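Notes for the one structure printed next.
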Amino acid sequence: MEEVSTGTGPLVPAVVKPEPEREREPKPKASPSSFSAAQHPDEEPEGGSGWGSEELDKDLLCPICMQTIKDAFLTVCGHSFCYMCIVIHLRNKSDCPCCSHHLTLHQLFPNFLLDKLLKKASARQISRTASPVEQFRHALQQGCEVSIKELDTLLSLLTDKKRKMEQEEAERNMQILLTFLHHLRRQKIDELNEVQSDLQFIKEDITSVERHRMELYRARDKYSVKLHMLGDDSSARKSWSSSMDKNSSDLISSSLTARGVMATRNLQNKKADGKSQVTSQGLPRKDALSGSESQHINQSGLSVARKKRVHAQFSDLQECYLQKRRQLANKPLSQQEKDKSIIPREGYNEGLADFQSVLTTFTRYSRLRVIAELRHGNLVHSANIVSSIEFDRDDELFATAGVSRCIKVFDFSTVVNEPADMHYPVVEMATRSKLSCLSWNNFTKNHIASSDYEGIVTVWDVITRQSVMEYEEHEKRAWSVDFSRTEPSMLVSGSDDYKVKVWCTNQEASVLNIDMKANICCVKYNPGSSNYIAVGSADHQIHYYDLRNISQPLHVFSGHRKAVSYVKFLSNNELASASTDSTLRLWDVKENLPVRTFRGHTNEKNFVGLTVNSEYIACGSETNEVFVYHKEISRPVTWHKFSSPDSHDADDEVASYFISAVCWKSDSPTMLTANSQGTIKVLVLAA
């Protein structure tokens, strides 16, 4: 390598073209053996004349192509070239390439002596480098005399050599085959042992589940008998009271007979009313029976639907069961507090209990139902993209922000319970720039933080509708901001300026700065500690930091193929991430391991939102759909597509709409969603 100066700027590395390597004949030591009588009489002994091997090699090279001369021709000025090389040269120029002497095609002559030397050099090269077979073949081609007896001997030797080589080749092939079969046998034995172990787990779990099922049946029968006995007691009381009423009515009727016919008619009318009342009381009982029957039918239909969902995701559920059962096979279930309402579950494996919880939550819901809808746009701002939507601490209020340069706070119960064509925010705060992210304070209910396209991080007071603090240290657009869940005065932000900044609401400047090597797309505090943050960046990685030592991250999670757009914590140890590679990923930040990859939605260029709770992960899609995943299953549980409220929208415009923000309502099945058109929907998971 040689650095060539370009005259301006830094030096540019350049590769210098190497000169062609010349074939050099090794100089043998001068010894009597070098001049054996077996040498060709015309061949000049090496080292015996003034022609050294190095000088000879130089003379045998064509000055034009720098290769061994082929079909040598001599010029009038005494230089030798390949015939084709010198002819092509003279078509363009009329001089010798070596001495620039005037030269024409008529001044070229064959160089027979050099051709003879070249043939001798070629023969020596072959004898020196060729294999014995090539030498023998060359000797035969040159007309070497060989007797029939010598040929028979050679053929016999070659036949034996061939058989030996075939035998060795067969042995090697058999050895390779045997090695493969042994490896395959070990692998299949391991698989068989694993399958047998899994079958043993399944057998134990079937026995355990059947036992608990019988206990449930016995408990149900026990309660049914009690209810039947209570019913019999109530009917006995009713028959006793009815007999007493009959006796008393007989006494009354006998006493009223003497009073005349009118009293008797009145009594008959009362009896008729009594019969009608008895008949009317019988109707609700019939309705109740029919209601219980319909409820039974509904429960049966739900059971069938849940079984269908199990079969549809059987492979993922099987993997989940086996993973949990193998990991927790030897772990006994922790002793629960004994309660009369809880049936004892001795021997119930913890892995099975964990999987049953997954199966129950996974099959519980099959669709997303819309319970409320509102429009975020207004007449002033035509841009309606909602970039962030967040619930407050108590899930009573939710705030929205986006490119309309405004934070709007809505009352959730009003939006859900009071149908209206237009829902108005309870608080509205104008901002100077487009907003990218919101974060409510978990301790001070009326405080909310925002980040905007100018890099400003602002803390707002929702009651006074004024900013409490403004931080302007970021040099470029700030994409994300987050309040600590354990330390109310701390918040963190990330920006396109490659910096992560930690702020304290009691100070006017940042308290910590982390310099990264790529744009910061998202930041998030660990919910269990204000010392740990997760940072997603455009370098396709998630950097997990301990803020007490920011010299390097605790761990870097790699796996995404594009920028990491969101990070969210499901728990203190579980971290979910979203990327523009159309995947979500789940990580274990305690063990520094990838857990699962989720696929189904489409996300290649936009921020489409990410939200998590203890069991479910939800995100948007560039197909204008909301997708919900269970954290243990890699395929979506369900999804919901936004429709365009304006029927006049062109197909191209509808295709460009995408989900831009999502947010769960704590651990409930209710979720807020918004899209790039400014439509906000309240969705709830339903069976």
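Residue 1 is the first one shown; counting continues down the chain.
For all residues, glycine too, the Cβ spot is worked out from N, Cα and C.
Bear in mind that TrEMBL entries carry predicted annotations, made automatically and left uncurated.
The following features are taken from TrEMBL:
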COILED    148-212  coiled coil
COMPBIAS  18-28  compositional bias 'Basic and acidic residues'
COMPBIAS  291-302  compositional bias 'Polar residues'
DOMAIN    62-100  domain 'RING-type'
REGION    1-52  region 'Disordered'
REGION    265-302  region 'Disordered'
REPEAT    471-503  repeat 'WD'
REPEAT    557-597  repeat 'WD'
*Under the DSSP assignment, what numbers of helix, strand and coil residues are found in the repeat 'WD' (471-503)?*
0 helix, 18 strand, 15 coil
*Mind checking how the repeat 'WD' (557-597) divides into helix, strand and coil residues in DSSP?*
0 helix, 25 strand, 16 coil
_Composition by DSSP (helix, strand, coil) of residues within the domain 'RING-type' (62-100)_ = 10 helix, 9 strand, 20 coil
*Overall pLDDT of the domain 'RING-type' (62-100), taken as the mean*: 90
